[in-house]
Each structure stands twice: as structure tokens, then as C-alpha cells.
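Please read the structure below before turning to the comments.
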Amino acid sequence: MFKLALTLTLCLAGSLSLAQHNPHWWGNRNTIVHLFEWKWSDIAQECESFLGPRGFAGVQVSPVNENIIAAGRPWWERYQPISYKLTTRSGNEEEFGDMVRRCNDVGVRIYVDVLLNHMSGDFDGVVVGTAGTEAEPREKSFPGVPYTAQDFHPTCEITDWNDRFQVQQCELVGLKDLDQSSDWVRSKLIEFLDHLIELGVAGFRVDAAKHMASEDLEYIYSSLSNLNIDHGFPHNSRPFIFQEVIDHGHETVSRDEYKDLGAVTEFRFSEEIGNAFRGNNALKWLQSWGTGWGFLPSGQALTFVDNHDNQRDAGAVLNYKSPKQYKMATAFHLAYPYGISRVMSSFAFDDHDTPPPQDAQERIVSPEFDEDGACVNGWICEHRWRQIYAMVGFKNAVRDTEVTGWWDNGDNQISFCRGNKGFLAINNNLYDLSQDLNTCLPEGTYCDVISGSLIDGSCTGKSVTVNEYGFGYIHIGSDDFDGVLALHVDARV
């Protein structure tokens, strides 16, 4: 009997963790966008007017629970929680619930960035949060939950990143480190996440997951409610989990400890794709992209060119400030069948602490748009760049096909097909790509969705005529505005 019970327990745990890799997308949609620091009302409108019609699968939203108010309102104040009340600069609980409902109604899922590792760092005396709650972070007193000092690990600094104890039980940049092995802490975290599930979210990005023991997270995840069927989720659906685990391959705490609990953020993907498109590694080597580069299995990897943290760091990672290379890297990211894809939607920044666009009263301002639909007034909105949203459509059109017909020039010009549904070519050399290439597409004329769109039966940008053998003449000049060309069956004239 004991063996049978143990077997059933293990099977249940295994099935739950497998289910937590499912992002619950509608139809053929398969790209998440991180609308960093957007207000809930603006996200709701964006789901209805842009993301839904353009085929985006979901939105990662900024932390939803009450945080400290820091001088100047830097973005990182959202990562310093003081209670689980759903009031932030993005809006209140009613506005959040309205956003989730409206986005789900148009097939765009919501994934919340959640903070399970810690509460706010040191601030002297009593602080007041975004919902009006008082706390004394230095004393580890958070009555809005409530948490007291006994709910936290003893205060210590992380000085040795090769010491598992320090990484998982000391304070990450001074943030008060919760004890997730505590029954009380577990109950409050589960209560918080279950409330979000009740409101209709599809899952969670778990911040700082490597700083929590995987067995504690497994307990928390397995204790969560199923997703809310009133928001269109099938019965017994589990929340999608993707966990922030920074692992460069030599970490004491490994991504492998978390990959069976849910997807894991594949930071090596971000670093290597940046290296390649900055010219530090020839694009020809991308033919083996994915597990051949030491990355996680595709279904366990949350992939991205940049995120809200590493886009602010020096190094190989690309961001919106290198637009030509960034668009090429994003096109490759969305065209190559590896990982669970997320694209970034940023605001402009000059330094690490730059706050989101705000008014004189330090309230986040809504994005405004020009006549082409691009964002202005401090918002970058990469997801509204044609070269990026068109590749979201490309990724939808070619879903469930494999890479075929790889070609390269032995250097930084490459092309490949996605079955007989799509074709991508990239030129990252300082000379033109001019070549008859196998597009693998049926005979016909196709619009390049990077340089333009298919509107009323004609192309506003480049077009390529494909012959009966699937070949077409591909030209990408070294001085072209974009170094990439993309064709797919849904953009056939």
C-alpha cells in the first residue's frame, strides 16, 4: 500500500509539473510580449486594439502587488513589495481584473511577474506603500500580510555566489529574504497566487527563483488551484510557470533543478544571440541553434533577446538602442523553432534607474502613438515595430513546421525555410546578399513582411516571385534599413 501511494504521489507531481509548461495559448498563437510598467487600463486597450488582432499569445505584466515608494519612482520599486494588496502605479484590483477579462476575451493570456523570494529591502522607519499600507522593512515587519521577523531567514549578505546557503538564504541586494519552508509563508504565497488565478491569469513569471529552494517552490506550485474555467481555460488546467534562473553554466544553483517544475528563463540564449548579431560569432553557426548550443530543451526554455534587467547592462545583450541588429536578432528568434518566445516592450532609459514615463505627480502616463502606430512620449514599444509584429505573424503562420533548406555563405549571410510555409533571409555582412535561394514556398508572389505589408492584394514593401521549383531572387543590401527579409504563406499576393 505504501509503495502504491508513493507511486501515485510521484505520478501526480510529475503530471502537475509537466502541465506547468503549458502556456495555454489560443490557436496557433505562440509569442508573449512583456509590456514593462504599463498601466492595466492601457494593457486592456492594447489587447483589444493591437495584440489580439496581430496574433500575440500573451502579456507578461509587471508585479501587481503593493510596493514601497522610492524617490524618483525608479522601475525597481515594483520589485520591493510590502503587501499582497493589488494596488500599484499600474492600477488597482478592479482595473487589473478588468484587464485580465478583456485580454482573455480576445485570446491574449496574462502572466504575472510574482515576487515569492522576498519583501522590500531596508528603509528607515515606517514606510507607506502604493496601497497606503505601513511597514517597517528594516525590522522585517510587514503587517499588511502580515509577516514578522520569524517569517524570514536570518539577515546575511551574499558574498560568495558559489555557496548554496548564501544564494538561497541570504538577502539578494538587501531584500528581506522570506523563508519558503515556513507553513505560514507558504500559505500566504499560495493565497496570493490563487487570488490571481481566480481573477483569470494564465500563469506566472517567478522572479529570483534560483534564490529559493526548488523543493519549496515545488510545494507551492503543486498547491495552487487550477486555472479559472470562467476565463476559457479547460478543466484541470495548471498555471503556466516560468522561472528566473540565471545560469551561465558554472552556477552552484543550476537551472536543471527547476526545469521540471516549469519553464526556465534561458539567459544563455539572450547572451549568445547578442554575440552573434553584434558580429562576434558568425551567423552560419546558428544552424545548430538550441540544445546544440547547450540550451535547455525547447519546451522548458523561455527565450528572449533582452529582458527588463539585462537590457540595462553592458555587454553582448542587444536592446532597442541597436535597432538594426536588434530587429535581425528578433526575426531569427521568432523564425527559428526553439523555445517559448517572449519579446520585450520597453520605455526609453538613460541609466539603470530611469523610471517609466510619468507626469509631474509621478503618475505613469499612457503611451501615445504616431500616425504609423508607433509609440512616442518616452515609450519604445518594440512590439509595435512592423519588423517585430510581422514576425509574430510569421511565427504563427509557420507553427509546427521544422527548419529545412538551410543556406549560408560561410559567414554572416543565412537563410532557411520553415517547411513549405515560411522563409527567412538575413544579411549581417558589410556587402550585399544577392542570390537565387530556395524558399521552399509554393509558386507565387510573396510580400516581404519586414519591409512592408500585404494590403488590398499588393505589397507596400519588397516582393519576391517564387518559381515552380520554390526558388526566388533574394536581395538584401548591406545598407538596407533592415538586414532581414521574411516571406510566408499568409502574405502571398
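Yeah, the Cβs are placed from backbone N, Cα and C, and that goes for glycine too.
When other Cβ atoms within 10 Å of the Cβ of ASP207 (active site, nucleophile) are tallied across all protein chains shown, the result is 20. Secondary structure from DSSP puts ASP207 (active site, nucleophile) in coil. Marked as active site, nucleophile by Swiss-Prot on the basis of similarity to another entry: ASP207.
Long-range Cβ proximity for GLU244 (active site, proton donor), meaning a same-chain Cβ under 8 A and a gap of 6 or more residues, is found for ARG205, VAL206, ASP207, ALA208, ALA209, LYS210, THR265. Taken residue by residue with DSSP, GLU244 (active site, proton donor) is part of neither helix nor strand, so it is coil. Per Swiss-Prot, the feature active site, proton donor maps to GLU244.
In the three-state DSSP assignment, the secondary structure recorded for ASN117 (Ca(2+) binding site) is coil. Annotation for ASN117 (Ca(2+) binding site): same-chain Cβ neighbours under 8 Å, separated by at least 6 residues, are LEU172, LEU175, ASP177, LEU178, GLN180, ASP207, ALA208, ALA209, HIS211, MET212. Residues annotated as Ca(2+) binding site in Swiss-Prot: ASN117, GLN168, ASP177, HIS211.
Positions annotated as chloride binding site by Swiss-Prot, on the basis of similarity to another entry: ARG205, ASN307, ARG342.
Annotation note: CYS47 (disulfide bond) sits in a helical segment as assigned by DSSP. Neighbour density for CYS47 (disulfide bond): within 10 A of its CB lie 26 other CB atoms from the protein chains shown. Feature annotation from Swiss-Prot assigns disulfide bond to CYS47-CYS103 (among others); the stated evidence is similarity to another entry.
Under a cutoff of 8 A between CB atoms, and with a sequence separation of 6+ in the same chain, the neighbours of CYS156 (disulfide bond) are GLN166, GLN169, CYS170, GLU171. Swiss-Prot lists CYS156-CYS170 (among others) with the feature disulfide bond, giving similarity to another entry as the kind of evidence.
Among the features that Swiss-Prot reports, disulfide bond is placed at CYS375-CYS381 (among others), with the record citing similarity to another entry. According to its DSSP assignment, CYS375 (disulfide bond) is in a strand.
Taken residue by residue with DSSP, CYS417 (disulfide bond) is part of a strand. The feature disulfide bond is assigned by Swiss-Prot to CYS417-CYS440 (among others), with sequence analysis given as support.
Residue environment of CYS447 (disulfide bond) contains 25 other Cβ atoms, counted within 10 Å of its Cβ in all protein chains. In the three-state DSSP reading, CYS447 (disulfide bond) counts as strand. Annotation comment: Swiss-Prot describes CYS447-CYS459 (among others) as disulfide bond, evidence class similarity to another entry.
Reduced to three states, the DSSP call for GLN20 (pyrrolidone carboxylic acid) is coil. The pyrrolidone carboxylic acid feature in Swiss-Prot is assigned to GLN20; the stated evidence is similarity to another entry.
Sequence annotations record features per position, and here Swiss-Prot assigns signal peptide to 1-19.
If you draw a 10 Å sphere around the CB of ASP309 (site 'Transition state stabilizer'), it holds 17 other CB atoms from the protein chains shown. The site 'Transition state stabilizer' annotation in Swiss-Prot covers ASP309, and the record cites similarity to another entry as its basis.
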(request) Kindly assign GLN168 (Ca(2+) binding site) to one of the three DSSP-derived states: helix, strand or coil. (result) helix
(message) What's the number of neighbouring CB atoms sitting within 10 A of the CB on CYS170 (disulfide bond)?
(response) 19
(request) For the recorded Ca(2+) site formed by ASN117, GLN168, ASP177, HIS211, name the remaining residues of the chain with Cβ within 8 Å of the site's Cβ center, in chain order. (result) HIS118, HIS153, VAL167, GLN169, CYS170, GLU171, LEU172, LEU178, GLN180, ALA208, MET212
(request) Would you please pick out, from the disulfide-bonded residues CYS103, CYS381, CYS459, the one with the fewest other Cβ atoms within 10 Å of its Cβ? (result) CYS459
(request) Measuring CA to CA, name the entry from the recorded positions GLN20, GLN168, CYS447 that ends up nearest CYS417 (disulfide bond). (result) CYS447
